[in-house]
Structures are given as structure tokens and as C-alpha cells.
Amino acid sequence: MSFDIAKYPTLALVPDPDDLRLLPKESLPTLCDELRQYLLNSVSRSSGHFASGLGAVELTVALHYVYQTPFDSLIWDVGHQAYPHKILTGRRDRIATIRQKGGLHPFPWRDESEYDTLSVGHSSTSISAGLGMAVAAEREGLGRRTVCVIGDGAMTAGMAFEAMNHAGDIKADMLVVLNDNEMSISENVGALNNHLAQLLSGKLYASLREGGKKMLSGLPPIKELVKRTEEHLKGMVVPGTLFEELGFNYIGPVDGHDVQALVATLKNMRDLKGPQLLHIMTKKGKGYAPAEKDPISWHAVPKFDPASGTLPKSSGTLPTYSKIFGDWLCETAHNDDRLMGITPAMREGSGMVRFSREYPQQYFDVAIAEQHAVTFGAGLAIGGYHPVVAIYSSFLQRAYDQVIHDVAIQRLPVLFAIDRGGIVGADGQTHQGAFDLSFLRCIPNLVIMTPSDENECRQMLQTGYEYREGPSAVRYPRGTGTGAPLTPPQALPIGKGVLRRRGERIAILNFGSLLPQALEAAERLNASVADMRFVKPLDDALVRSLAEQHEYLVTLEENAVMGGAGSGVNELLMQLRLPRPVLNIGLQDSFVPQGSQEEIRRDLQLDADGILAQLEGWLAR
């Protein structure tokens, strides 16, 4: 897929930031218009993250115009907004391949470009990494500058404030740009406030401010009076007191879509000493009316027709696992006003929109705060409520200690609804749910379930909800179910699997949603297949029976083989002194790259043909 660059004459002049910095400042608004149109035309034909990038066009241009990237370090938090950055840093011709197998990475990625100083994908890491880079640059002594761009959503995470507290304490030379797209442009964001921002970021003000501090350092009462007066005057037009208390010099808010004003302010701030924070106001989806009106729906998009202004409706008739969870949540809450649903800023992705509307008093979006989400659930359980923490597998990694320390040790009945377990697809290494079974299986007191279809998912959610002896987890994949008929939720017997097919010589022990592939491979081999259902506790009796009746055992899971469900089977067989050859099939010791789920499963030999090939190769040794 290629674009006629002649339709973007100014953009054509800037294949990289060195050329961008040769442009006259007056041409930057035109460049921004063309860059925004280029982004619209490319993402509409390829799919990808959309609204965030539209809102960050002017900021991206201004940063590369003022800072000497890649000599200066530019760090993007999460990376959803970094498509314009990729277009301006030598990857313009490949932007249509983003999120595809072998294409551009969906997020800034160090292996892809020298302009990507930090590989990202998860939230709120930029300031911590940027602080480390700033300290390293200071010791290097070459004048390298560090800039971190973080959104208002990512700023809600504790890690961001931990980093700012540290930066303010050691007075590191760095700039944090707070890209605030939650609110519309306020009255404070206009010519007057832009002018004030340039004054407050100027060298004269900075020198007077620091000189005054030194002069008054021996007069604490006067120094405190001056400090309070300054805060009062700035507070009349800027909401920066919190950041000032953390040790940052706060500038803003300024209009994030006025590229020339941004350039002027950034030039003033580039050489300021100590930690600086520039607060800009932007509009998510800027320049494309449907995305401005509904930035949540247009956050990440499939291919679409820009002229229609609508997103294509899903052609599938099967419900997603996220919807299955959301519907179960509503059904259960209807009969239990003590059920509490918790999400760390993933309402839409986790299927909780309906629940949040129908049961607002039982719904808690705690923002990007996974650690808090888990311990908040622990507190609710102590108070006699029935918490359900809905969280993506890759994000649960961020709350591991809380699962152990605050929930499992205390045997609190918290249900974890773990979405996006296994291969997730196009978002690449940072978002694959590859490790949850491994890092959860070793935690005492925790029941772990892996449904093989959408109806089994409902039954397992009910099982975890009714289980009161400790925490439980139901781990399900991204995507749609198999079409299994839905029956009323009913608790399953804990730690019991089901034999799905009886064969000879070989038994496949399946954990989770690869059951259809296991059954297909088993048909060709005349193998037995067990739907194990529970990773913990294992069905010891079923494993013993299969081991005694078959020559070979195969475990199958969409999780890291190391420490996963198959490892649990191996450990049990050793404990039972049942020496049987076991092949553990799953995700090997490498990070899973981007691609469609089908492509990745085929490449990793987790489709039926691949499972058969792995098994036949193993038997032939």
C-alpha cells in the first residue's frame, strides 16, 4: 500500500527531522494539516490506533522542530499517539504496515528506529525511564536533553508520580509534556495564556526566579511569602500547584494545536535547568469530526471509509468473551447488590459498558491503577462485598505483589476476570497474555480456571463468584467464542476436568481455548483429549488415569511453557512416580511478536496442523 506523496507537498520535504528543522516556522501549520490527512488516509486503509495520533500532530511537529532528535531523547508514554512521530522519522512509506505481521511495530520500539528511545506499550513508564536517561545525559556532559510525553490518563498511575517525586528531589534537567485531551480547550487556553506561558518559560523569568530564591535563602519568612505570592499569581490562571509541590516548574496550560506557540514555548524551555512540566490541551481525534465527537470508539479502528464517517459493524454473529463476561456480570448483579465490578480504565475493552450503565453504584473505574484495583477489591471483600476485578492479562503483571500480599495470603474471595489471555495479536510483545498461568500457578490459595468455550466461561465465572474460601481467576482469550449454546450459570466442581475424546496411546491434556485444535489433531492421531478446565487445583485423578492408560501425554496451552499448566502436570507425574514421556506444547521462551491471532498460531505451530507436526516430530525422535 503506497500513497502519492505529491499530494502532500510540504510533508514530502521532510523525510526525517533534520529536514523538518530546515522548514521556516511559517510553514509548520501547513505541514500539520498534511500530516493529519496522511495519518487519516493511512490508518483508514490499514487499521490501528487513530484518535490519539490525530490529537498529537502539532506537538509531534513542534518537538522534533525544537529538539535535536535523535541526539535529544524523546520518550512517548504508552505510544498510541506516536503514529505522527513514526511518519516524521523515516517510516512514512511503511506506516500502512503498522500492527501487521512483519510491519511497523504498533508502538515506539527501540529495535525499529534510533528515534524510538524507549520501547513502550504499557502506561506510565515514560517519566521513570526519562529520569534515568536525564541523569545519564547529565553525567555524559554532552548537552543531551530529555523530553517525556505523557497523557492525562497515564498520569493517573502512581508510577508517574513516583518518578516526578524523584525528579523533583534530585532536580534533574528534563521536560515532561502533559498532553491533556480529557477536556475541551478552556477559556484559559488562548492568546493570553499562551503569552503567559512564554513569559514564565523565558530565561529572564527563570533567572529572576532562581536569583530571588538565592537572595532570600537566608530570610525564610520572606522567601515563603514570595513563594506563596508566586503560587497565588500563577494559580489565578494555571492549575499547576500539585506539580510545583513535586518540584517541577509548571508552565501552561497552552493550546496544543497552535504549533507556532508550542515551538516558541518549547524553545524557551529547552535550556531551563531542573525538572519542567509543560501542560498542553489537545482534542483527541482533532481534524476528523467523527473522531472528535466520539474519541473512545475511534481510539483503535479497523479499516474504514473516511468519507462515510462511520466504523464498519462487526460481521461476526458470535459474542466475544468480553461480552460474555459483561452479560454474566449484569445477570449476577441483578440478583446480588453486593457484587462490585472493578476495572483499571478498561471499561470498553473488558465488556463493562452495559454494567456501568445499569449498575453504576456497583461499578468502579479506578483509572490506570492496577495495583490499587486489586487491593481495593481486597478491601471490599473484607467489608463483606463480592468484588470482581476485570483486567487484561498483560496488565495484571503490574499488580502481582497485590495479588499475593493483599489477596491470596489473606484468602480473600476476590474473583479475577482475566481478559486477553494467550495470543492477543496485533499489539505485539507488550500485550500478549503469555505469562499469567505461570506467574499465578505458584501462588497458594488461588483457584485458576481456563474455559475452552464461551459457555464454560460463564460456568467458571459463576464458580469463582460462589467460591468463598479464597481468590479465584478465570482466564479467557481475546476474540469470539465457538458458538457453544449458553446455559444458565452453574458452579462447577472445583478441580475437575472432563474427558472429551477417548483414543489410544496418546492423551492430549488441553488447558483453555485451544480445545478445537486439540480435537482436530486428535482425530488424525486417534488420541484421547481431556478438557482439564482447572490449572489449579489440577484434576489429579484424571491425570493419573490418563497416564496409566496411555503411552504418551501431551499438554496444550496458550501460555508460556515454562512454569505453565503443563509444568504442573509434569510435577504431579513426578510426585506420583508415574514416568511417562510428556510433550509440553505452548509458547516457547521468546516474546510473541505482532500479527493476527491466526498468523501467530500458525507460525508458533499452535493450530491443528502445527500441533500434529510437533507431536509427530517428537514421536519420531
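Every residue, even glycine, has its Cβ placed from backbone N, Cα and C.
As written in Swiss-Prot, here are the features:
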{"type": "BINDING", "residues": "His80, Gly121, His122, Ser123, Gly153, Ala154, Asn181, Tyr288, Glu370", "note": "thiamine diphosphate binding site"}
{"type": "BINDING", "residues": "Asp152, Asn181", "note": "Mg(2+) binding site"}
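What Swiss-Prot annotates, mapped onto the structure for a quick look.
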residue : record                            : contacts (Cβ under 8 Å, 6+ apart)
His80   : thiamine diphosphate binding site : His49, Ser52, Gly53, Phe107, His299, Ala300
His122  : thiamine diphosphate binding site : Val78, Ser394, Phe395, Arg398, Thr430
Asn181  : thiamine diphosphate binding site : Ser52, Gly55, Gly151, Asp152, Gly256, Met281, Thr282, Lys283, Lys284, Pro295
Glu370  : thiamine diphosphate binding site : Pro344, Ile391, Phe395, Leu396, Arg398, Ala399, Gln402
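Using a 10 Å radius centred on the Cβ of Asp152 (Mg(2+) binding site) and all shown protein chains, the other Cβ atoms total 15. Looking at the residues that bind thiamine diphosphate per the record, His80, Gly121, His122, Ser123, Gly153, Ala154, Asn181, Tyr288, Glu370, the two CA atoms farthest apart are separated by 32 Å. Mapped onto three states, the DSSP output places His80 (thiamine diphosphate binding site) in coil. The Cβ neighbour count for Gly153 (thiamine diphosphate binding site), using a 10 Å radius and every protein chain shown, is 20.
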